[in-house]
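Engineer: Here's the feature list from TrEMBL:
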type	residues	note
TRANSMEM	46-65	transmembrane segment
TRANSMEM	94-114	transmembrane segment
TRANSMEM	120-139	transmembrane segment
BINDING	Asp179, Thr181, Asp585, Asp589	Mg(2+) binding site
ACT_SITE	Asp179	active site, 4-aspartylphosphate intermediate
BINDING	Asp179, Lys180, Thr181, Glu302, Phe344, Lys368, Arg397, Thr477, Gly478, Asp479, Arg559, Lys565, Asn588, Asp589	ATP binding site
COMPBIAS	220-241	compositional bias 'Polar residues'
REGION	220-247	region 'Disordered'
DOMAIN	612-850	domain 'P-type ATPase C-terminal'
TRANSMEM	646-668	transmembrane segment
TRANSMEM	674-694	transmembrane segment
TRANSMEM	724-744	transmembrane segment
TRANSMEM	750-771	transmembrane segment
TRANSMEM	778-797	transmembrane segment
TRANSMEM	817-841	transmembrane segment
Amino acid sequence: LQDLFSISAYVYAQKPQLDIHSFEGTFTREDSDPAVHESLSIENTLWASTVVASGTVIGVVIYTGKETRSVMNTSNPKNKVGLLDLELNQLTKALFLALVALSIVMVTLQGFVGPWYRNLFRFLLLFSYIIPISLRVNLDMGKAAYGWMIMKDDNIPGTVVRTSTIPEELGRLVYLLTDKTGTLTQNEMIFKRLHLGTVSYGTDTMDEIQSHIINSYSQVHSQNSGNSTSSTPSRKPQSSAPKVRKSVSSRIHEAVKAIALCHNVTPVYESRAGVSGETEYAEVDQDFSDENRAYQASSPDEVALVQWTESVGLTLVSRDLTSMQLKTPGGHILTYYILQIFPFTSESKRMGIIVRDESSGEITFYMKGADVAMSTIVQYNDWLEEECGNMAREGLRTLVVAKKSLTEEQYQDFESRYNQAKLSIHDRNLKVAAVVESLEREMELLCLTGVEDQLQADVRPTLEMLRNAGIKIWMLTGDKLETATCIAKSSHLVSRTQDIHIFRPVTTRGEAHLELNAFRRKHDCALVISGDSLEVCLKYYEHEFVELACQCPAVVCCRCSPTQKAHIVKLLQHHTGKRTCAIGDGGNDVSMIQAADCGIGIEGKEGKQASLAADFSITQFKHIGRLLMVHGRNSYKRSAALGQFVMHRGLIISTMQAVFSSVFYFASVPLYQGFLMVGYATIYTMFPVFSLVLDQDVKPEMALLYPELYKDLTKGRSLSFKTFLIWVLISIYQGGILMYGALLLFESEFVHVVAISFTALILTELLMVALTIRTWHWLMVVAEFLSLGCYVASLAFLNEYFGIGRVSFGAFLDVAFITTVTFLWKVSAITVVSCLPLYILKYLKRKFSPPSYSKLTS
């Protein structure tokens, strides 16, 4: 499904009798004599971008747009709003109430004289700077800057910010819900263990297997050479021979051959320069070199198995619909004809194949699958269950391999019954499964394989860092319980010294109640639960279960469906009210990513569906540490400081307006002309205020070294009603000092009160930015001097705006006056009185009650 619309085209034969739900049917080939009945199945399907090389397409049904499976399985993503934006919305509502209250107070002090309602609206307009209209613009520009910084960070290459609305959420996370395969692990399988029942081979003893394979195939080749005069190969079935105990070498030979044949892997040879123009016979001269060969399969487990057989000497060199070829260590090609193949399904948990050896004519039925499915199929043994458990505890994915030799008569009987079952119109799947199961009896157990899905680089230190930062990690996976538990231990998601409570499978309300009581008595232990048990617990005891699970240091949910993953995210949001983050790499993680407050996608082997649906896209799991500890911290701290400073900027000028109106008998007259008000929020203060997006309280190295600093961010102390009230008091103090100071010190030059107070206001704002900054950046210094230069230039070029009012007073700015020593020292005195106490208070606070990060930086 590679096209934009994921077109799925189904091909129907002439006169079909179809079961629409499972796509089953039959058709009759009338061009042959006698007529041949064949079955229709999923094999008769043309997918998107298919080229019909031969035959005729009878009919096509096309599903596009909303009718495609990928779209029908995708829920509409919600619009995510950050917690910081919600907090700022609450503060803005409080400011609006303050605006209305202040206007009413001013009208009340006027005594409701004349058309008081007109004065009320005039006061609403005069004090409208209390509402920080520029706050939204500054914050959005800041968010865009944070996204740019994240993508330009060389320490996390390939990171993409796909949303510019919630970068601050990275600094407020409490719960991290992660997938396992492809997220914590690489989704690259490596063959680790081969167990034959009496002997086990690991990575350090694979050379013994290789020597056994070389010896066995050299003996087989010498025997074939000696018997080359024989006219027909022997087809005597193995079952007629007396049963003798096989040697280790022959058992290894049979096991490796079974692994090399029982799969759906296809070798692919990359085209080389200069080959494209060769003839159609170029395939005969194809170079079967290891460097030019790649394996393709739907499962990485199968690729790992075939790559392992290649490493021990038995190589898959070619495969088509009817045959496959293996190359022995001696370079000889063995051909096997594929008679039947039974693909893996989630219901059967196994796959099988029937092949015929070209040289001997022997027919063999090979099968491999999960231990739960194969344990009842193979002959009785006393080691399979125990060894499967041992491998699962090591974190290995296990597969059981078995075989059964068939005579020609047995196969012909099976084939006729199998074809007859495939022609059934009703209950075809059940009838076909019943025929196949007739073969799956008393199969010879060959071996047990163990494949490891390697952890991604630096997963352990990253998870430890997140845990030290106070983030609770939940692993949601579709793997079985033993494998999930082992990966949780090996990745240090669960400490090896930590107790683990494995939630027993429950199906009824009573069982769930008993198990919850048993879990409640345990303290500080990790929880491991299956998806089925989770469903039962949430059905009857949702609140109790979530409350207990949230107290666990780590939770592992195995056998989880994509819908369950999203449901767990919503449960945490609803019951705890904390911010959640979901991280995954596959299409089955999209629902979870979209439901979380912050979704992170990893570009892995399962495609880009998760990374495209996420808010942030990374290339490796270890990058999440820097993304949260450094960029999350900086984004939240900077936006909190920026938002409160923009509010302070509006409050201080509104306070000055209130003082001015109070002095002049509560007159609703503006203090500053419109252009000055516009310039105040733009060129005079915008650059220094916006430069706060470059500020940082802790160096990145320190934030990564001490992840405990992240815990303070989740408490939301950087932006709260307490800090907001402090800034309001600062604004009232500074606004009152600036206005009263201008009126007192310049009583004889009252005509210049606008220039005096506005100059002191600009200087105060620039000094307050300097007071707020914790780490200086050269662009901050440039912004400060640039704004000061713009203001000084405007004094000369825009002098007519600095009068109280051209109509009422006719006052103009006297350039000679602002260059006098008297003007300069008095403006400086007002500025010092408004700012110096705050600098002293800041010094005393850092001296006697320093923040946690300052203790580290010192």
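Glycine is no exception: its Cβ is also placed from the backbone N, Cα and C atoms.
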Engineer: Counting only CB pairs under 8 A, let me know which of 646-668, 674-694, 724-744 has the most with the transmembrane segment (750-771).
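Structural biologist: The stretch with the most contacts is 674-694.
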Engineer: Suppose I define contact as three or more CB-CB distances under 8 A, residues 6 or more apart in sequence; do the transmembrane segment (94-114) and the transmembrane segment (817-841) meet it?
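Structural biologist: These two stretches do not touch.
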Engineer: Can you figure out which of Phe344, Arg397, Gly478, Arg559 (the binding-site residues) comes closest in space to Asp585 (Mg(2+) binding site), comparing Cα atoms?
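Structural biologist: Checking each of Phe344, Arg397, Gly478, Arg559 against Asp585 (Mg(2+) binding site), the shortest Cα distance is to Gly478.
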Engineer: What subset of the binding-site residues Arg397, Gly478, Arg559, Asn588 lies within 10 angstroms of Thr181 (Mg(2+) binding site), using C-alpha positions?
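Structural biologist: If one measures from the Cα of Thr181 (Mg(2+) binding site), the binding-site residues that come within 10 Å are Gly478.
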Engineer: Go through Arg397, Arg559, the listed binding-site residues, and name the one with the sparsest Cβ surroundings, counting other Cβ atoms within 10 Å.
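Structural biologist: Candidates: the binding-site residues Arg397, Arg559. Fewest Cβ atoms within 10 Å: Arg559.
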Engineer: Between Asp589 (Mg(2+) binding site) and Phe344 (ATP binding site), what C-alpha distance do you get in Å?
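Structural biologist: For Asp589 (Mg(2+) binding site) versus Phe344 (ATP binding site), the Cα atoms are 23 Å apart.
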Engineer: Spatially, which candidate from the binding-site residues Phe344, Arg397, Arg559, Asn588 is nearest to Asp179 (Mg(2+) binding site), comparing Cα atoms?
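Structural biologist: Closest candidate to Asp179 (Mg(2+) binding site), judged by Cα separation, is Asn588.
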Engineer: Fewest other C-beta atoms within 10 angstroms of its own C-beta: which of the binding-site residues Thr181, Asn588 fits that?
Structural biologist: Asn588
Engineer: Excluding near sequence neighbours, so keeping only residues 6 or more apart in the same chain, what lies with its CB under 8 A of Gly478 (ATP binding site)?
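Structural biologist: Counting only residues 6 or more apart in sequence, the Cβ neighbours of Gly478 (ATP binding site) under 8 Å are Thr181, Cys558, Arg559, Cys560, Ser561, Asn588.
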Engineer: Among Asp179, Asp585, the binding-site residues in question, whose Cβ has the most other Cβ atoms within 10 Å in this structure?
Structural biologist: Asp585
Engineer: Using CB atoms and a 10 A radius, I'd like the single residue among the binding-site residues Phe344, Asp589 with the highest neighbour count.
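Structural biologist: When each Cβ's neighbours within 10 Å are tallied, Asp589 leads.
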Engineer: Give me the mean pLDDT over the domain 'P-type ATPase C-terminal' (612-850), rounded to a whole number.
Structural biologist: 85
